Amino acid sequence: MSKIVVVGANHAGTACIKTMLTNYGDANEIVVFDQNSNISFLGCGMALWIGEQIAGPEGLFYSDKEELESLGAKVYMESPVQSIDYDAKTVTALVDGKNHVETYDKLIFATGSQPILPPIKGAEIKEGSLEFEATLENLQFVKLYQNSADVIAKLENKDIKRVAVVGAGYIGVELAEAFQRKGKEVVLIDVVDTCLAGYYDRDLTDLMAKNMEEHGIQLAFGETVKEVAGNGKVEKIITDKNEYDVDMVILAVGFRPNTTLGNGKIDLFRNGAFLVNKRQETSIPGVYAIGDCATIYDNATRDTNYIALASNAVRTGIVAAHNACGTDLEGIGVQGSNGISIYGLHMVSTGLTLEKAKRLGFDAAVTEYTDNQKPEFIEHGNFPVTIKIVYDKDSRRILGAQMAAREDMSMGIHMFSLAIQEGVTIEKLALTDIFFLPHFNKPYNYITMAALGAKD
C-alpha cells in the first residue's frame with residue numbers, strides 16, 4: 001500500500017482526494033493536512049452573500065472533513081504544514097500545537113494561492129495571521145470564508161457608509177456590485193484605465209464600466225493607490241490623483257501562488273507557481289502540484305501558463321489523483337473560460353483577447369457581430385447578443401472569443417473553448433452545423449455570421 005499525503009483540501013485538494021478514494025478505494029493510504037478550519041468554500045459566491053442575493057453561506061460549501069474521512073482519508077484540519085524533507089520523504093505539520101511528522105510515498109501540493117499585498121502604505125497583514133487579518137481596522141482581504149463573514153458582520157455597523165474596492169478584476173467588480181446592493185456608496189479603483197482588462201477587449205469592458213456607473217458605482221480607473229490612512233481604522237484612501245473618504249477598503253488586486261513549502265527544491269514558473277508537466281508532476285518525481293499553486297497547459301498559447309480558476313483546480317486535481325495512484329493520465333489543457341454577471345449584464349470569454357494575442361506576438365485579427373438571439377417576429381424572450389472572435393491570420397486558428405448580452409447565452413462559449421482546444425480554424429467554424437428553430441435562434445446564427453465576417 002502506498003501512502004499519499006495531500007497538503008491543502010480546498011477545490012483542487014478535495015477533487016483529488018475524492019478521485020483517489022472513489023476510483024482506487026483502499027489501495028492507498030490518504031493523509032490530508034489543511035491549515036484552515038473549513039474546506040470547499042466557493043469564493044465565487046462571496047459577493048452573492050455580501051449583496052444579499054442568497055440567503056446565507058450554507059450552500060457555498062460542498063464538502064467537509066467528515067465526508068472525506070467517511071470515504072477513507074485521514075484529515076487534519078487547522079494543521080499548517082511547517083516543512084517538508086524531500087530526501088527523507090517526510091511532512092512536518094503543527095497538529096494540536098505539536099509537531100507531527102508524517103512519511104509519504106507520493107506528495108500532492110494543493111496549497112492554493114494567497115492575496116497579493118501591494119506596496120501600499122498602511123496595508124499590512126498581522127504577523128502570523130493565516131486568515132489575512134489586516135493591522136488597520138476595516139481594511140479587508142478577500143479569500144476565505146472567514147474573510148467574507150468578517151466583512152458581512154462589519155457591514156451591519158451603520159457608520160460604514162462608503163467602501164473602496166481596490167482592483168477591478170472579476171472579484172473587485174463583483175464586490176463593488178455587492179456593496180452597492182447592500183446600500184453602501186462604492187468607489188472602484190484600479191491602476192488600469194478600465195475593468196476586467198485580462199478577459200475582454202476595450203469595447204466590452206467599456207460596456208461593463210457604463211453598466212456599473214449607471215447603478216451608482218464611482219469608477220476611479222487609471223489611479224494608483226498610495227496609502228490607506230486612518231487612526232487605528234480606515235478613514236481614507238489616497239491615490240496618485242485623488243483622496244477618497246471611506247469607511248472600509250477591500251483589497252482585491254489578485255492572488256499569488258502559495259509555494260513556500262517548495263523551499264527552493266522544486267522548479268518554479270516565472271510567477272512563482274510550481275512548474276508541472278501535463279501529469280501535474282513537479283520537477284521532483286512523485287511530487288505533484290494542483291490548483292492555484294501550479295501551472296497549467298494553455299491551449300490558446302500552446303504553452304505553459306498560470307490560470308487560477310476553480311474549474312482548473314478541479315481538473316488538475318483529477319489528473320494528479322490518477323497519476324499518483326499509478327494510472328498514466330495527461331491533462332488536455334485549458335482555455336481559461338470564464339464568465340461574469342453584473343446587474344443583469346452577462347459576459348463570457350475564453351482564450352485570448354485581441355490585445356493579449358497581439359502582445360504575445362500573434363498576427364491576430366478579430367471579427368465581431370451583434371444581432372438578436374431570435375428572429376424579430378419572436379416578440380418575447382428575444383435579446384441582442386454581441387460576439388467577438390479572435391483568430392490568428394497566419395494559421396487561421398481561433399484564439400479566443402467574447403460574448404455579452406442581457407440574457408443568458410453562456411453555453412455558447414463552450415463551443416469556442418472546444419474550438420481552441422482542438423485548433424479549429426475560423427473558416428471551419430463558419431461552416432459548422434448550427435441548427436435553426438425560431439424558438440432558439442436565427443437561420444444565420446450570430447456565431448455563423450461573425451465567422452463569415454472574418455476578412456483578414
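Glycine is no exception: its Cβ is also placed from the backbone N, Cα and C atoms.
Taking a C-beta cut-off of under 8 angstroms and a sequence separation of 6 or more, C44 (FAD binding site) has the following same-chain neighbours: A310. Summarising the annotation, Swiss-Prot assigns FAD binding site to N10, A12, 34-35, C44, V81, A110, S113, K143, Y170, D292, 309-311, F436 and lists experimental evidence as the type of evidence.
Annotation comment: Swiss-Prot describes H11 as active site, proton acceptor. Look at H11 (active site, proton acceptor): DSSP puts it in a helix. Taking the Cβ of H11 (active site, proton acceptor) as centre and 10 Å as the limit, one finds 28 other Cβ atoms among all the protein chains shown.
Secondary structure at C44 (FAD binding site), taken from DSSP and collapsed to helix, strand or coil, is helix. Annotated active site, redox-active per Swiss-Prot: C44, in sequence order.
Here Swiss-Prot flags C44 as cysteine sulfinic acid (-SO2H).
If you take the C-beta of G339 (NAD(+) binding site) and look for same-chain residues 6 or more apart in sequence within under 8 angstroms, you find H346, M347, V348, S349, S410, I413. For I171, D190, Y199, G254, A308, G339, the entry in Swiss-Prot reads NAD(+) binding site.
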Length of the line joining the Cα atoms of D292 (FAD binding site) and A308 (NAD(+) binding site), in Å: 5
Distance, A110 (FAD binding site) to G254 (NAD(+) binding site) (CA atoms, angstrom): 18
Largest tally of Cβ atoms lying within 10 Å of a Cβ, found at which of the binding-site residues Y199, F436: Y199
Cβ atoms near D34 (FAD binding site) (within 10 Å, other residues, all chains): 27
By Cα-Cα distance, the member of recorded positions N10, H11, A110, K143, F436 nearest D190 (NAD(+) binding site): K143
